[in-house]
């Protein structure tokens, strides 16, 4: 098991780096893409967040070699949930093409469509909604017509001719001259006749030798081509690219060919084991236009090498040879982005393929940016840098600036008013400390004299309990969250320690308060405005470690940047081993319970004269 976990961790490292050759090598070594690790997720869940072509190739490699598109994490999330929540439309389409079930729900009862809508990823939501609509339409039409299904050996492309190709996924194909593998696959279902890619030269003539292909269909299909460039490569082409064949350095474009679909000689069973039929939309009268939901791929084979007929043992020919490098792997497969395909109309060549620009943000700036958004990132390494940079970019462009700094879980609750149903998690937290083991040395002992408290700014609440009836649940929660400026753990012996500290600064000259901590300065500012501080006590009569754990979950949900707390809290017991997302959901749940306490008790302000100074 230790060896399996180690391989799975290495596989996830390769996925973070988006290195397809390393992913394939680890899969051949036996790495399990569906193995859930200690953080609650498997490699296939991490790969589902792919956005760039290299990441999509990694996801395709996992799905080809045993990756389950419906694998569950400890939170019952599937890869489709991950892709929908992160707004990764291409990864979502690829998973759907491999049999991902959009009807599965996570532990909160949410479908991928629900997550896409909550996070504002409209393209992903549209794909899932269209899929649901088409599925219901086909089911209704099928029930009305009762047409017989075509025989498995019927020539032609599979699926109805008017069905749009929503995704194209990588599928293993027989080796080419460079000992690499690539292919295409589409809608899941019984495979039909294989449709190998045909390589053409820059004049459009077929490079296949006469008699090598058996023509079996007149259907139109889209061919992805590499066109050898006659001009000198661009100045930013890497120097090592000159050693590649001319077709590797050429321009790329997608053409529409009204020609026959070739079928390689050999047994149909061998070919069907490696390729699945493509489901394509026939071109309209105005000519072919690339669909915004399709992903153009290219043939990696040399310009004059037709796909070979597979031979026994061909499944082993995709291994990484010793003389091949990752650089060759990167250049061997070139992709068109959606923007390039749409700007050229799918007909004209585009400029030379360029690598994605390397981020100029330093590690320190990246850490500061994530912490400013309420995140608590681990140390940045070459494996985590790209993931954190993507997370920072998405958070910066996410809608709802009034929720910036809060966790994604709390931001979703603030937008919708829906609170995660994690009462079972709170019960598990409380159960462990109901009768704590006296043999263990718990922090501050096992006396049940602690509680969690929130300091609120009444200038934000505006007597929220009195006017709550006129607000929606989301508005009540938003007002409550905006008012919180400190979360702490208190005891009955020291219930107002921070207010006492602020009282010591009260009345001094204005030159001195800046020496106080941010929390005290906030209290002094509230008092200076003529208001009092609201100290909300909740979750009382618990041992210290339980109060610390509740405090930590709440701080994680709120985001420390939105508070005057100077450090993150500490979790104890079973909660310490939970994934951060699970702790944040519990924090949102606890905040909602604290809101209910506040609404029930009413707003009580504490002014300087209300605090008894210590002797």
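In case you wondered, yes, glycine gets a Cβ from its N, Cα and C as well.
Going by Swiss-Prot, these are the annotated features:
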COMPBIAS  283-294  compositional bias 'Polar residues'
DOMAIN    355-399  domain 'LEM'
DOMAIN    448-566  domain 'GIY-YIG'
REGION    138-210  region 'Disordered'
REGION    283-315  region 'Disordered'
REPEAT    39-71  repeat 'ANK 1'
REPEAT    75-104  repeat 'ANK 2'
REPEAT    108-137  repeat 'ANK 3'
MOTIF     271-280  motif 'Nuclear export signal'
MOTIF     579-586  motif 'Nuclear localization signal'
Request  = Can you check how the pLDDT averages out over the repeat 'ANK 2' (75-104)?
outcome  = 90
Key: Helix, strand and coil totals (DSSP H, G, I; E, B; other) for the motif 'Nuclear localization signal' (579-586)   = 7 helix, 0 strand, 1 coil
Ask   = Using DSSP, how many residues of the domain 'GIY-YIG' (448-566) fall into helix, strand and coil, respectively?
value = 63 helix, 26 strand, 30 coil
